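According to TrEMBL, the protein carries these features:
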{"type": "DOMAIN", "residues": "B:67-275", "note": "domain 'ABC transmembrane type-1'"}
{"type": "TRANSMEM", "residues": "B:7-33", "note": "transmembrane segment"}
{"type": "TRANSMEM", "residues": "B:62-86", "note": "transmembrane segment"}
{"type": "TRANSMEM", "residues": "B:98-121", "note": "transmembrane segment"}
{"type": "TRANSMEM", "residues": "B:159-178", "note": "transmembrane segment"}
{"type": "TRANSMEM", "residues": "B:198-219", "note": "transmembrane segment"}
{"type": "TRANSMEM", "residues": "B:226-244", "note": "transmembrane segment"}
{"type": "TRANSMEM", "residues": "B:256-279", "note": "transmembrane segment"}
Amino acid sequence: MKSITANLQLRNLTKNYGASLAPAVDSVSLSIASGELVSLLGPSGCGKTTTLRMIAGLVLQDSGDITINGESIANRPVHERNIGMVFQNYALFPHMTIHDNVAFGLRMRSFKAAERDRRVSEALEIVQLGSFAQRTPAELSGGQQQRVALARALVIEPSVLLLDEPLGALDKNLREDMQVELRRIQKSLGITTVIVTHDQEEALTLSDRVVVMKGGKLEQVGTPRDVYCRPESRFVAEFIGSSNFLEGTVQAHDNKHAVVEAGAFGLLKVDRPLAEGARISVALRPEDIELLPLETASSSEPYNCVRCSISEVLYKGFVSHIYAKTAEGQLIKVSVQNKVGHSEMTKYSPGQTYLAHWPIESNIVLK
Amino acid sequence: MKPHRQPLVYLLMTLPGVLFLLVAFIAPVVVMLSSSFLTQTSQGIDLPITFSNYWRVIDTPLYGHVIWITLRISLYTTLLALFVGFPIAMVIARGGPFYSRLAIIIVVAPLVVSVVIRTYGWSLLLANNKSGVLNWTLAHLGFGPIATHLMYTETAVVLGSLHVFLPMMVLPLSSAIARVNPAVEEAAGTLGANGWRLLWYIMLPLCKPGILAGASVVFSLTAASFVTPAILGGSYALMLGNLVEQQILAVYDWPFGSALAVVMVLLIYGVNGLAGWAFDSKHLPRASRGLALRRAPRLRGSLS
């Protein structure tokens with residue numbers, strides 16, 4: 001199976017479902033390189049699925065353009081776009097065998113029977129279902145149906161592969177296996193891929209770049225590391241992972257740092273210069289915070305620390321989520337990693353007082 | 001209480017229905033069947049047991065001709081109902097709420113009016129004289145004084161039957177279409193199927209149970225109808241139902257009328273069975289027939 005070098009461009013793509021409603025997709029522009037896997041991530045109603053369906057041609061855009069290798073496909077009907085799509089519930093043809101399901105796209109392209117069979121077997125081998133060709137979809141498990149749907153979409157050698165919440169219906173372990181599988185196939189074929197998901201973990205695991213959407217607009221576009229470690233807005237910091245949010249006013253700065261007065265959280269030092277007097281928000285990941293016993297903590301820590309007392313400890317297996325309160329009653333979330341054999345979990349219990357402390361780089365300044 | 005362990009309760013629950021069917025359906029069928037093997041005498045129906053009534057049906061060319069007309073009219077009506085009904089069913093199943101409801105009303109509303117009245121309506125429309133609505137309209141459009149002679153033809157019977165039985169096709173079809181996952185259609189589209197191929201490869205096979213149900217009902221009801229051919233067909237498009245009526249009410253030969261009725265019932269069952277068998281042996285949607293099909297696709301092998 002070959003893949004086509006295809007870069008996908010969205011330009012000011014807009015879709016309104018009703019004049020009285022806010023636009024479902026609002027002037028979205030995005031450039032996806034050939035062979036790149038980009039995920040559209042966001043809560044339901046953020047426009048990610050509508051964007052995907054516009055690329056597929058299942059929804060017609062109100063304005064804007066979609067191009068593949070510079071050629072506009074925005075006004076082509078769905079069956080002339082040469083796009084491979086995997087649907088949320090796989091949408092296999094229930095009245096056809098697995099072989100016929102995968103062969104369908106080739107049949108529509110008038111391939112000769114021999115060539116068709118050869119390609120179908122090849123596609124089924126890629127998704128490791130070679131021996132299932134004569135079964136029907138109902139005889140397959142969810143994970144297997146998922147792989148058939150993938151083979152069916154890939155066998156036509158589409159210019160772009162679109163996946164709509166492809167793993168949403170699978171249980172957790174299977175989902176992780178399929179993520180690895182999907183990534184392997186996508187990379188080995190080098191096929192330009194757009195995947196819609198509301199699962200942040202899935203987006204971070206699979207993607208070359210993550211596109212976070214909100215209210216029909218792009219909120220942030222970046223590598224998984226970018227969007228997790230450098231979220232630009234409170235929405236992204238909250239939607240991907242979990243965060244503490246600290247508000248403050250810049251007091252002083254030098255070339256590299258700024259000091260922020262953050263009320264109950266004392267003074268924060270951030271690793272970028274900011275104008276004095278500016279009101280800023282800082283996101284702080286719970287796993288970046290360390291809880292130091294009061295007796296061992298140097299009492300003279302000037303920045304990035306706050307004294308707090310634990311109000312609740314939630315055991316989650318490999319981590320524990322600890323909810324603590326500052327003297328002023330502000331909530332602070334801390335995650336500690338658990339190790340079997342260590343008693344980290346029993347170490348922390350409600351009522352204890354610790355000094356929460358975090359490094360300068362952990363303060364993420366939001367726009 | 002564990003209701004599934006008490007078959008007696010279930011038996012009792014079906015009892016009223018079973019009794020009604022016994023009296024109103026099984027008993028008459030038995031009477032009809034047995035009298036078809038008897039002889040009409042001046043005193044009534046009597047022995048000896050004979051096959052002569054059936055021989056008469058087979059032997060007389062007129063009856064063979066009527067059977068042929070009956071099958072032809074029923075087949076045309078069924079096919080027309082399918083062609084006309086499928087798009088309507090599509091609108092009901094997939095259209096917006098407004099159009100869906102409108103289509104249902106248009107299809108179902110005629111059911112409220114009696115068949116006799118509707119059929120007389122058709123005879124006004126199709127009348128073979130200047131005052132027939134169709135001829136009047138055509139005359140005013142410049143097609144000559146009496147452009148059509150549709151009344152008392154098979155075409156008139158097909159039109160009338162189509163009107164009466166269309167809902168029987170549309171309703172099962174629309175529920176079959178509604179059961180097809182829209183994403184399956186979309187998937188076929190992304191794989192390169194245009195509208196016609198989508199219909200041929202995806203929709204029709206997946207709606208096969210609905211098509212068979214609708215076709216079976218329309219065919220059976222048309223083949224057994226007697227009001228519509230009596231009014232619109234006259235003596236030129238005589239159907240089996242009219243022959244039965246003649247024999248029972250006019251000629252007063254109940255055994256022969258019964259034999260004709262038995263032939264009619266057998267014919268309808270035969271065609272239904274044949275159609276069911278023909279479509280069943282091919283790829284039928286799994287959704288409708290679970291187990292029977294499990295082996296079928298494997299047998300087909302390279303047929304695709």
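Sequential numbering from 1, following the chain as shown.
Positions of Cβ are set from backbone N, Cα and C atoms, glycine also.
What TrEMBL says about a protein is an automatic prediction, not a curated fact.
Keep in mind the model is a prediction, meaning the values are calculated, not measured.
Tallying C-beta pairs under 8 angstroms between the transmembrane segment (B:62-86) and each of B:7-33, B:98-121, B:226-244 places B:226-244 first. Two recorded stretches are said to be in contact when at least 3 C-beta pairs lie under 8 angstroms, sequence spacing 6 or more; the transmembrane segment (B:198-219) and the transmembrane segment (B:256-279) meet this definition. Proximity of distant same-chain residues to the transmembrane segment (B:226-244), defined by a Cβ-Cβ separation under 8 Å and at least 6 residues beyond the stretch ends, is recorded for 63, 66-67, 69-70, 73, 115-116, 119-120, 122-123, 126, 151-154, 156-157, 159-161, 164, 257, 260-261, 263-264, 267.
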